[in-house]
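Mind looking over this structure? Questions follow.
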Amino acid sequence: MKTEYVDLRDGKDVKEGLYKAAEIIKNGGLVAFPTETVYGLGANGLDENAVPKIYEAKGRPSDNPLILHISEFDEIKNIVKEIPDVAFVLADEFWPGPLTMVFKKSDIVPYRTTGGLESVAVRMPSNKIARELIKIAGVPVAAPSANSSGRPSPTKADHVLCDLDGKIDMVIDGGTVDIGLESTIVDVTGEVPVILRPGFITEEMLSEAIGRVDIDEAVKSLTLDKNLKPKAPGMKYRHYAPQGKMTIYKGKPEKVVKIINEETAKSEGKKTAVLATDETKRYYKADIVISVGSREDCESIAHNLFDTLRSFDDMGAEIIFSEGFDESRLGFAIMNRLHKSAGYNIVNV
């Protein structure tokens, strides 16, 4: 298969490119497109023959549910059984945007889309290209991240091509994404909403909007439960992983720098890399040192995280040392991704 590349970064010929992409989706094909979070790999989420192509292209386990993307709130009515009051509040506050809600699915949503679950995850993205594509396609678009399963999520079209060139019909290049982390996922099917995946919309932001919010125990766990039946994407399998062996070091920055430099010295003969910050970058002695931003700017860290992990792969890093970050607010989502990237290899110093 030849993957068509469509560049919409300059804002020219956008309609033409999107109509072509929408036709591919309507005809059962796969299109990678930008959202505000990461690039998504889209197919008609109601087409039982199209959805398996996503799993095949990504090498994704079939019990890992997909998120349905819509362009307007009214589109949700056909794909869910009921809309709890709390969902209206959350949609009013955070849609369009990086929040996914889990509802009880309607009968028209195939089990292949939901990973066999009776629930369905739904999001309305804020990215203009994504919204317009979904609108023109006229169907809810099932779209996980547009990468090979287990790899760092794509924040640029080049990342998509690196993993999926020749496996999908089209890639739309809309430039680097705004946020860089996948959406927050909240289950609204029970009495108390539950966070199934942390993201840019934090627990504190949700609580301010609707009161009490719980966090699923699997999200708080520092181990991977292979027997877990995932309620949402990103809960069961190892994700976001670079090719090198990665370890996270948590503690005071000066102590972390000292320990990482000691471990670097022990790694002679291996290409070493450090995921650092602006405050510490100059102190490291590894072969590759990349700052994800200032410790005072979690949004920059989130924005640069996956691109940095992919850069380590491009540079041939064999052993990767990462600083840990404060786990409050957006830092909770950042550390959730880092924990999974490192396969929960964590050292407290």
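Each residue, glycine too, has its Cβ placed from N, Cα and C.
Below are the features I grabbed from TrEMBL:
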- Thr37, His69, Arg123, Ala143, Ser183: L-threonine binding site (BINDING)
- Arg60, Asn64, Ser145, Ser153, Arg197, Tyr240: ATP binding site (BINDING)
- 15-201: domain 'YrdC-like' (DOMAIN)
So among His69, Ala143, Ser183, all listed as binding-site residues, which is physically nearest to Arg60 (ATP binding site)? Use the C-alpha atoms.
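It is Ala143, whose Cα lies nearest.
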Report, as a single number, how many Cβ atoms besides its own are within 10 Å of the Cβ of Thr37 (L-threonine binding site).
29
Including all protein chains shown, what's the count of other C-beta atoms within 10 A of the C-beta of Asn64 (ATP binding site)?
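Asn64 (ATP binding site): 19 neighbouring Cβ atoms within 10 Å.
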Asn64 (ATP binding site): which of the binding-site residues Thr37, Arg123, Ala143 is the nearest Cα neighbour?
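Checking each of Thr37, Arg123, Ala143 against Asn64 (ATP binding site), the shortest Cα distance is to Ala143.
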Across the record's L-threonine-binding residues Thr37, His69, Arg123, Ala143, Ser183, the largest CA-CA distance in angstrom?
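Overall maximum Cα spacing for these binding residues reaches 13 Å.
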Tell me the Cβ contacts of Ser183 (L-threonine binding site) under 8 Å, same chain only and six or more apart in sequence, or just say none.
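For Ser183 (L-threonine binding site), the qualifying residues are Thr37, Ile67, Pro98, Leu99, Thr100, Arg123, Arg197, Gly199, Phe200, Ile201.
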When the number of other CB atoms within 10 A of each residue's CB is tallied over all shown chains, which of the binding-site residues Ser145, Ser153 has the maximum?
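Answer by Cβ density within 10 Å: Ser145.
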Between the binding-site residues Ser145, Ser153, Tyr240, which lies closest to His69 (L-threonine binding site), Cα to Cα?
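Ranked by Cα distance from His69 (L-threonine binding site), first place goes to Ser145.
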Would you list, in sequence order, the residues of this chain other than Thr37, His69, Arg123, Ala143, Ser183 that have their CB within 8 A of the centroid of the site's CB atoms, where the site is the one recorded for L-threonine?
Thr35, Gly40, Ile67, Pro98, Thr100, Pro125, Ala130, Glu182
Mind looking up the mean pLDDT for the domain 'YrdC-like' (15-201) in the predicted model?
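Reported value for the domain 'YrdC-like' (15-201) is a mean pLDDT of 98.
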Please work out the number of neighbouring Cβ atoms within 10 Å of the Cβ of Ala143 (L-threonine binding site), leaving out its own Cβ.
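Looking across every protein chain shown, the total is 29.
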